[in-house]
Amino acid sequence: MAAVTGPSFWLGNETLKVPVALFALNRQRLCERLRKNPAVQAGSIVVLQGGEETLRYCTDTEVLFRQESFFHWAFGVTEPGCYGVIDVDTGKSTLFVPRLPASYATWMGKIHSKEHFKEKYAMDDVQYTDEIDSVLTSQKPSVLLTLRGVNTDSGSVCREASFDGISKFEVNNTILHPEIVECRVFKTDMELEVLRYTNKISSEAHREVMKAVKVGMKEYELESLFEHYCYSRGGMRHSSYTCICGSGENSAVLHYGHAGAPNDRTIQNGDMCLFDMGGEYYCFASDITCSFPANGKFTADQKAVYEAVLRSSRAVMGAMKPGVWWPDMRRLADRIHLEELAHTGILSGSVDAMVQAHLGAVSMPHGLGHFLGIDVHDVGGYPEGVERIDEPGLRSLRTARHLQPGMVLTVEPGIYFIDHLLDEALADPAHACFFNREVLQRFRGFGGVRIEEDVVVTDSGMELLTCVPRTVEEIEACMAGCDKAFTPFSGPK
């Protein structure tokens with residue numbers, strides 16, 4: 001990022017300075033979209049409510065606060081309990097902060113003035129949250145635009161702004177959500193700089209993990225190392241999601257690492273490791289998966305499966321450009337996986353027939369990737385008019401859109417040997433006819449391989465943000481402690 005002038009978020013040392021002008025530009029983009037919408041009347045005002053601090057169940061133990069994502073996108077405010085309003089006609093923005101009691105200074109530190117927040121976030125105006133009713137009344141809005149809509153990844157409804165006195169205003173809660181979501185789909189240059197930074201630090205952390213892993217370690221030791229590196233070197237207090245540190249058969253558990261399986265297995269000689277981890281900086285995510293042999297050397301079978309996934313990953317990235325339909329990229333990955341599994345002897349028969357039978361969904365039951373930004377599964381995958389395709393494999397896609405410049409996505413093909421899916425396939429004559437059971441048996445307990453990259457769609461191709469060893473030779477050299485430079489994949493830009 002160019003030298004930052006004006007107010008910025010910065011955690012010192014070598015961390016990234018992020019100008020708060022990033023959020024002013026986001027508010028400007030939102031107003032421009034809304035003004036073009038014929039349903040938006042003159043005098044409309046956007047009202048967003050930030051996140052609130054929460055406690056651990058019935059205790060007084062605070063859960064570490066992280067800002068609500070839409071509010072962060074628009075204002076970049078790190079404090080809880082705030083509101084923000086934006087005059088659509090003028091673009092003028094007002095931040096509302098809590099009026100804190102004097103006792104706050106004893107327990108939590110200095111109570112800052114409204115002028116402090118105005119300067120910190122480069123706002124047009126700052127008022128207290130208990131004044132929002134009177135301030136909005138004085139502005140005489142024709143309508144308040146509040147945020148209500150469904151997140152297509154979680155199925156949850158985002159929280160709509162509410163405050164004492166809102167009932168006396170005319171409120172529209174249908175216009176704002178699709179417009180602000182579409183703004184979030186396309187990243188500005190300043191946003192891309194932050195995502196390059198999150199990828200830089202997280203990539204370095206993955207390389208440190210690959211150098212440190214040893215047979216006999218606990219999976220959580222590597223989780224700890226990753227998070228320590230991201231925080232100590234990158235200022236990343238939060239991870240983008242719960243770390244997945246799967247070894248052996250755990251590497252076939254797609255969302256391993258949860259409370260019931262907390263990265264607690266002892267890594268064994270001969271295991272494949274699948275580590276899916278990403279640090280978060282100033283609410284901007286990264287999402288990177290590396291797969292490698294625990295002992296630093298690929299077996300023939302591990303190499304065959306790994307290089308099958310690497311081939312599909314690079315084929316997809318090489319094909320990405322504006323206008324490409326994302327479901328076609330999933331079909332491309334499936335075909336390559338089936339070709340390679342046939343080459344290893346696990347499958348036999350016509351690859352075209354395998355594709356028709358949707359056999360690829362047996363070895364890759366998840367989608368191919370997702371939008372990435374302020375949320376790891378970022379919004380905008382299925383706007384109105386984009387329908388989910390009800391076919392095995394394709395129904396798991398987190399988006400079915402055509403690619404456009406400025407979109408940031410993950411590319412994460414994988415091949416997994418999941419017992420219950422294999423058993424179902426072998427019990428289905430339409431699938432069983434393709435399997436060589438004797439060869440397949442050799443891969444039972446193998447686990448899985450996933451390669452996950454973060455990329456931005458450019459005017460003519462894509463830019464790879466992630467920088468980790470990917471070829472078999474690069475991985476083995478890294479795990480042996482070699483600091484020899486490697487060349488990241490570069491498709492058309």
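Any Cβ shown, glycine's included, is placed from N, Cα and C.
Listed in Swiss-Prot for this protein:
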BINDING   His255, Asp287, His377, Arg398  dipeptide binding site
BINDING   Asp276, Asp287, Glu452  Mn(2+) 1 binding site
BINDING   Asp287, His370, Glu412, Glu452  Mn(2+) 2 binding site
MOD_RES   Ala2  N-acetylalanine
MOD_RES   Ser167  phosphoserine
(request) Go through the recorded positions Ser167, Asp276, His370, Glu412, Glu452 and tell me which ones have a CA within 10 A of the CA of Arg398 (dipeptide binding site). (result) His370
(message) Helix, strand or coil by DSSP: which one applies to His370 (Mn(2+) 2 binding site)?
(response) coil
(request) Between the Cα atoms of Ser167 (phosphoserine) and His377 (dipeptide binding site), find the distance and write it as a whole number of Å. (result) 33
(request) Provide the number of Cβ atoms within 10 Å of the Cβ of Glu412 (Mn(2+) 2 binding site), excluding the reference atom itself. (result) 24
(request) For the recorded Mn(2+) 1 site, enumerate neighbouring residues of the same chain (Cβ within 8 Å of the Cβ centroid of Asp276, Asp287, Glu452, site residues themselves excluded), in sequence order. (result) Ile244, Met277, Gly278, Ile288, Thr289, Thr410, Glu412, Arg450
(message) Here's one to test understanding: among the binding-site residues His255, Asp276, Asp287, His377, Glu452, whose C-alpha is closest in space to the C-alpha of Glu412 (Mn(2+) 2 binding site)?
(response) Glu452
(message) Using a 10 Å cut-off on CB atoms, tell me which of the binding-site residues His255, His370, His377, Arg398 is the least crowded.
(response) His255
(message) If you compare CA-to-CA distances from Glu452 (Mn(2+) 1 binding site) to each of the binding-site residues His255, Asp287, His370, His377, which comes out shortest?
(response) Asp287
(message) What whole-number Å value do you get for the CA-CA distance of His370 (Mn(2+) 2 binding site) and His377 (dipeptide binding site)?
(response) 6
(message) List the binding-site residues among His255, Asp287, His377 whose C-alpha is within 10 Å of the C-alpha of Asp276 (Mn(2+) 1 binding site), in sequence order, or say none.
(response) His255, Asp287
